[in-house]
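Scroll down for the structure; my scribbles are underneath it.
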Amino acid sequence: MTQPVPRLSVPAALALGSAALGAAFATGLFLGRRCPPWRGRREQCLLPPEDSRLWQYLLSRSMREHPALRSLRLLTLEQPQGDSMMTCEQAQLLANLARLIQAKKALDLGTFTGYSALALALALPADGRVVTCEVDAQPPELGRPLWRQAEAEHKIDLRLKPALETLDELLAAGEAGTFDVAVVDADKENCSAYYERCLQLLRPGGILAVLRVLWRGKVLQPPKGDVAAECVRNLNERIRRDVRVYISLLPLGDGLTLAFKI
């Protein structure tokens, strides 16, 4: 049975997480003047368009991407559905948060080519472990040579089965409360179930990241019959009301929710 990793106190862990987000604002992920109250003012203060020169400047002055990670990102973008991959700025923020809380164990739901798994693995110590879940065996094999090139393959534990099965197996094996970070970027129909199980597997002070929580803007008014959009909208409301976590929903990529377990 896997032993729980040493736990930071909840206030300390949350303070660290807050510090990381503050650093992200300070170093350029969020530009412009001090953000106004969310109601009643028209001042624009968040992100420039991703195809703008200002956005490219932002990335060029903030990104520190491992060569193998960059190669894997470019390779992934060439694949069908490659644009659904975690963005480089999301990956770097999550990796920095993992370093900040001295993470050793991570969950990654939705491997694809393993870009997010590799980003996390590179942030963990030599004895760290990333359990990553995928149902299609082909995409991870595209990324495996680059996991090896980055000398991080030994940290990546690929589970080729439905993510819910892997999560239930981890819980049955007594690993509840032993993971430091969890990233959810899998099918949206099961996103609420993923959230609940990941929260059980996280230790207090652990970080749960949910990607694509804006679902191309469809969460505002899910189209009739769009089950995925409805599920994402419901999860957003669920997390907003969840007293077990502190949250931030960030406008990075297609939306990134960070939930810090209390």
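These residue numbers are counts, starting from 1, taken along the chain as shown.
Glycine is no exception: its Cβ is also placed from the backbone N, Cα and C atoms.
Quick caveat, the model's predicted, so the values are computed rather than measured.
Feature list (source: Swiss-Prot):
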TRANSMEM  12-32  transmembrane segment
BINDING   Asp108, Gly110, Thr111, Ser116, Glu134, Val135, Ala163, Asp185, Asp187, Tyr194  S-adenosyl-L-methionine binding site
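A map of Swiss-Prot features onto the structure.
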residue: Asp108; record: S-adenosyl-L-methionine binding site; DSSP class: strand
residue: Glu134; record: S-adenosyl-L-methionine binding site; DSSP class: strand
residue: Ala163; record: S-adenosyl-L-methionine binding site; DSSP class: helix
residue: Asp187; record: S-adenosyl-L-methionine binding site; DSSP class: coil
Max CA-CA distance, Å, over listed S-adenosyl-L-methionine-binding residues Asp108, Gly110, Thr111, Ser116, Glu134, Val135, Ala163, Asp185, Asp187, Tyr194: 17
In the structure shown, with every protein chain counted, which of the binding-site residues Asp108, Glu134, Asp187 has the densest set of Cβ atoms within 10 angstroms of its Cβ? Asp108
S-adenosyl-L-methionine site shell beyond Asp108, Gly110, Thr111, Ser116, Glu134, Val135, Ala163, Asp185, Asp187, Tyr194, criterion: Cβ within 8 Å of Cβ centroid: Leu109, Phe112, Thr132, Cys133, Val184, Ala186
Around Thr111 (S-adenosyl-L-methionine binding site), how many other CB atoms lie within 10 A of its CB? 27
Over all shown protein chains, what is the count of other CB atoms within 10 A of the CB belonging to Ala163 (S-adenosyl-L-methionine binding site)? 26
